[in-house]
């Protein structure tokens with residue numbers, strides 16, 4: 001190695017190390033003619049850099065943008081309107097206020113959260129082909145995308161535990177409203193802390209990109225595996241085991257262990273219908289969020305930005321369909337929910353039976369707790385004597401109303 005000296009009048013000598021060159025190439029580097037191979041290498045590097053930049057800024061066709069916007073828009077409207085309606089009906093209707101419905105409201109709030117804080121931004125990134133909202137927004141969007149499914153799966157596990165003890169061991173353990181609130185709060189607090197590392201793994205390294213998947217480093221891989229086990233596999237296995245025991249108990253209720261027909265079952269049919277509804281709900285949820293967890297385990301390299309964007313958008317649409325399908329499932333399997341909607345929007349012929357049917361007395365309060373209804377009795381079906389109480393007080397006996405108790409034990413389930 002030799003050293004070349006550069007003289008300057010205003011500065012001290014600067015010693016620059018240079019490599020030995022062959023004797024036939026002793027000319028100055030500024031005047032030396034580069035080889036053709038060097039030009040080819042520089043051109044290839046420039047081409048690869050430009051191709052990477054074009055992958056990061058793709059342009060979708062108008063048809064692709066319209067299709068994605070329509071599908072996401074329909075699901076978004078169903079999710080916002082349906083889950084808001086679930087919260088409103090359970091809040092206003094007395095017939096739907098129960099312990100199980102606390103869990104239902106918690107899931108509806110989680111669906112509203114992902115509908116507002118995550119899904120619109122994913123659609124915006126897909127349609128524009130870049131991320132323009134900064135690194136902090138990228139972290140928050142991905143955080144809520146991990147938070148909501150974890151909260152919901154643990155709330156579904158809480159519902160499963162509630163159904164198990166209500167049907168199999170009704171006298172040994174009961175999930176009261178206070179216990180339900182504590183279980184819901186524990187689900188939110190635990191998962192909020194569990195998905196905190198997402199804030200460190202995600203972020204916008206440059207202004208126009210927000211990573212879709214966790215990094216392929218050993219830290220990212222380790223967290224992905226732990227999140228898949230704790231946030232999906234273990235709760236799913238527990239849910240399956242609990243519902244398996246519940247189904248066995250429903251079909252095998254004899255003291256001697258013999259199998260009986262469902263018509264001889266001591267379990268009320270309303271609770272059997274509730275189990276069916278929650279089984280379908282759990283199945284839809286697990287199938288909807290399974291592709292999301294599998295894609296995170298796969299750790300695809302985001303070299304082709306358009307391809308990874310298409311994959312992630314499809315996965316987001318599948319998982320988001322679970323949020324939009326829950327209110328539809330409630331309205332199909334839940335007669336009380338349908339009646340609650342009628343009471344909420346005053347669509348019933350008996351507009352607000354609780355406010356117009358009774359005076360404020362002790363007996364009226366007891367009647368409200370026992371779900372008293374009102375029936376119209378036609379005048380042709382009654383025989384009233386001349387000296388009856390109606391004639392004494394000059395009351396017309398054309399349309400008199402009779403109150404009767406519908407159910408002495410109001411249901412404590414969602415159905």
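Going from the start of the chain as shown, residues are counted 1 onward.
Each Cβ is built from the backbone N, Cα and C atoms, and glycine gets one as well.
With respect to the membrane, residue 92 and residue 276 are recorded by Swiss-Prot on the same side. From the options 26-46, 47-67, 257-277, 278-298, the stretch Swiss-Prot describes as transmembrane segment is 278-298. Given the ranges 126-143, 144-161, the record in Swiss-Prot names 144-161 as transmembrane segment. Annotated by Swiss-Prot as transmembrane segment, the relevant range among 6-21, 166-181, 310-325 is 310-325. Counting residues per DSSP class in helix, strand and coil order gives 12 helix, 0 strand, 9 coil for the topological domain 'Cytoplasmic' (162-182). Residue 138 (disulfide bond): 21 other CB atoms within 10 A of its CB, across all protein chains. Within its own chain, the transmembrane segment (70-90) is flanked in space by residues 96-97, 101, 104-105, 108-109, 111-112, 115-116, 119-120, 123, 317, 320-321, 323-324, 326-328, 330, 337, 340-341, 344, which lie at least six positions past its ends and keep a Cβ under 8 Å from the stretch. Using the rule of three or more Cβ pairs under 8 Å, pairs at least 6 apart in sequence, the transmembrane segment (310-325) is not in contact with the transmembrane segment (183-203). DSSP classifies residue 138 (disulfide bond) as helix under the three-state reduction.
Remote same-chain partners of the transmembrane segment (103-123), defined as residues 6 or more beyond its termini with a Cβ less than 8 Å from a stretch Cβ, comprise 68-69, 72, 75-76, 79-80, 83-84, 86-87, 90-91, 133, 137, 140-141, 144-145, 147-148, 151-152, 155-156, 158-159, 162, 180, 183-184, 187-188, 312-313, 316, 320, 322-323, 326-327, 330, 414.
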